[in-house]
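Colleague: The structure under discussion is supplied below as structure tokens; questions concerning it will follow.
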């Protein structure tokens, strides 16, 4: 929004409005602007590492409460900010909320869901994120029209609404049976909770699995040291590579900077905000629902592969059009601008049913209990590291690589799609405490987890 840029980023505003010599690709290349954007993610990275200890020692519910409280504080500071320091500190607190919530919520969902519906339950997490993105962008579109130049304050402060739901809601949810056994060894309480969430009294088999997993986990004093052992190598590699690949799909071109890109295409401020809401939020909301329906029927791998191919094709075509038609100055014809908009929608759709939701689902379900919290923290940390890196470098990359940015990310999408085809075993319908079996049967990973000690066999 222009009033927001004038107050906190006047250099960007001048380049955007008054400097006709600056390249179309470089108008938003500001280190201060990228610091504001990425401060959230570096804070989330640090918080996610602390969140692992909190989740393990105090339970999933406690971590969710910490995350919600941090969100509330960050939204209050952002809405009331009168200088750049206050603005960035508020964003850091939002990052703390992200670190704790992303670490604990997927774990909570995976542990509470029945195996045959675990994919759909966990993708509900991403569906709510998609609804949040859509709501936020529509809110931006509405508040941008407020006269007096203070609409951005409403936009930032309204983060308190979902934060309140998260915080208050966390007070009423029960703890997971896994966490109950891990922290208190209260088998009767865990049995009652299992009976409640499964809707049946016959839970002995699952309860015994949880007790066995808990007995192993209690022999582990340092899960971050345990996780680097050879028998956990497949899970560790997936926890690192899946979130890394998600962030280098190029989605942050769409997510973080869609209004910037659309204004580069010579669309106005209001139109850019509205169209970015449709591209990043509306499509994501609809396609994630489709993913929820299909993930437990078709499986995880097929969605990864089809979504990757769809993203690759759309990125190559977008890069080709921009390379041929958009120079450093001037703009597109209306026809090309709308063609790129359609292709951005195709790209966003491919991401929204594959790499978007599955990045949170797969790592949350593949780890045994003794290292599950540590594994989820690594997933969140890697994701936030590369969101931070992308946020810090993308505007400079856009300025220097220009249309080549799309070919760069397209090449990475081709690599990651091939990797998932070769090295990810299918996890649909596998009980979470029996997940080690799929690695022993995989053509590549069985040589790492096949020769294990007795503890690993149990």
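Heads up, the Cβ atoms here are built off N, Cα and C, so glycines get one too.
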Colleague: Could you tell me which of the ranges 270-295, 426-451 is annotated in TrEMBL as transmembrane segment?
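Modeller: Among 270-295, 426-451, the range TrEMBL annotates as transmembrane segment is 270-295.
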Colleague: Of 63-82, 183-202, which span is tagged transmembrane segment by TrEMBL?
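Modeller: Feature transmembrane segment in TrEMBL: residues 63-82.
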Colleague: Looking at 63-82, 88-109, 302-324, which one has the highest count of Cβ pairs under 8 angstroms to the transmembrane segment (32-51)?
Modeller: 88-109
Colleague: Please average pLDDT over the domain 'Major facilitator superfamily (MFS) profile' (1-428) for the predicted structure.
Modeller: 84
